[in-house]
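Some features that TrEMBL has for this protein:
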ACT_SITE  His43  active site, proton acceptor
ACT_SITE  Glu70  active site, proton acceptor
ACT_SITE  His190  active site, proton donor
BINDING   Asn7, Arg18, Asp191, Gly213, His214  3-amino-2-oxopropyl phosphate binding site
BINDING   Arg45, His50, Thr100  1-deoxy-D-xylulose 5-phosphate binding site
SITE      Glu151  site 'Transition state stabilizer'
Amino acid sequence: MTKLSVNINKIATLRNSRGGDIPNVVQFAKDVQRFGAEGVTIHPRPDERHIRYQDAYDLKPVVYTEYNIEGNPIPKFMDMVLELQPTQVTLVPDAVDAITSNSGWDTIKNKDFLVDVINQFKDKGIRTSIFVDPDLKQIEGAKATGTDRIELYTEAFAHQYSLGNQKAIEPYTKCAELANSLGLGVNAGHDLSLDNIQFFKQHIPGLLEVSIGHALIAESLYLGIENVVNMYKNKLK
Ligand SMILES: CC(=O)[C@@H](O)[C@H](O)COP(=O)(O)O
Ligand SMILES: NCC(=O)COP(=O)(O)O
């Protein structure tokens, strides 16, 4: 079975656009779990333009499913994760000014750094995952860091699939097969959506978890808008 972890960054982005506390990210996390999500993902960035470090603390007592915190392991991020001890930390090599995640780790070049960081998290009992491009050498490199899992960076697949190129799944399938054979757990994320998730799942052996935010929140707006417009119309009769 593949677990669905809902990334709630976009809820914080919407909240921050107005100040105040609407929508409330803690309530949203409670609700997605009540509706069946098997995890909650956040990805605090250094500028805290969406989810804030304080949100990570506020969410800790309410996330009773898997709590996954993603980010670049800069000292401030490491201190927070080591203190909060979520279920999983996903390491992502974000540039400070990146609009969103745009590459996986070079697990070979960064091996010593990753080994050190991963050991610190594992000492606290936190499961580790490394965000990687679908490249067999990077999967082997990930294995050498001691990480528990990898997260396949799915933007390229999602883009190509939307253009009708189903062959774009092939490197992902091969990487998942290699990861399985090496004893690495396989997660995936970035631009997964209602359009592509079933095809992706069917072609990825041993897919343990997907984290989905941007499309899931956009789809929730589209699928909810008719209902809400009619609720307003009823109140205006
Ligand atoms: C690692 C990954 O793909 C997601 O965490 C994604 O980057 C979400 O972050 P944003 O909400 O900042 O786009
Ligand atoms: N790890 C991927 C994630 O959390 C969500 O990415 P996206 O669905 O917002 O692209």
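Using N, Cα and C of the backbone, Cβ positions are placed for all residues, glycine too.
Whatever TrEMBL says is automated annotation, not expert-curated.
A quick note: this is a predicted structure, and the numbers were derived from the prediction, not measured.
Here the features listed in TrEMBL are painted onto the structure.
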| residue | record | Cβ within 10 Å |
| --- | --- | --- |
| Asn7 | 3-amino-2-oxopropyl phosphate binding site | 24 |
| Arg18 | 3-amino-2-oxopropyl phosphate binding site | 9 |
| His43 | active site, proton acceptor | 23 |
| Arg45 | 1-deoxy-D-xylulose 5-phosphate binding site | 23 |
| His50 | 1-deoxy-D-xylulose 5-phosphate binding site | 22 |
| Thr100 | 1-deoxy-D-xylulose 5-phosphate binding site | 13 |
| His190 | active site, proton donor | 25 |
| Asp191 | 3-amino-2-oxopropyl phosphate binding site | 21 |
| Gly213 | 3-amino-2-oxopropyl phosphate binding site | 25 |
| His214 | 3-amino-2-oxopropyl phosphate binding site | 16 |
Distance check against His43 (active site, proton acceptor) for the recorded positions Glu151, His190, His214, keeping those with Cα within 10 Å: none
Listed recorded positions adjacent to ligand 2, that is, members of His50, His190, Asp191, Gly213, His214 whose C-beta is under 6 A away: His190, Asp191, Gly213, His214
Those recorded positions in Arg18, Glu70, Glu151, Asp191 whose CB falls under 6 A of ligand 1, listed in sequence order: Glu70
Nearest of the recorded positions (His50, Glu70, Thr100, Glu151) to Asp191 (3-amino-2-oxopropyl phosphate binding site), judged by Cα-Cα distance: Thr100
Other C-beta atoms that fall within 10 angstroms of the C-beta of Glu151 (site 'Transition state stabilizer'): 29
Chain-mates of Arg45, His50, Thr100 with C-beta within 8 Å of site centroid, 1-deoxy-D-xylulose 5-phosphate: Asn9, Thr13, His43, Arg49, Ile51, Ala98, Ile99
Collapsed DSSP category at Glu70 (active site, proton acceptor): strand
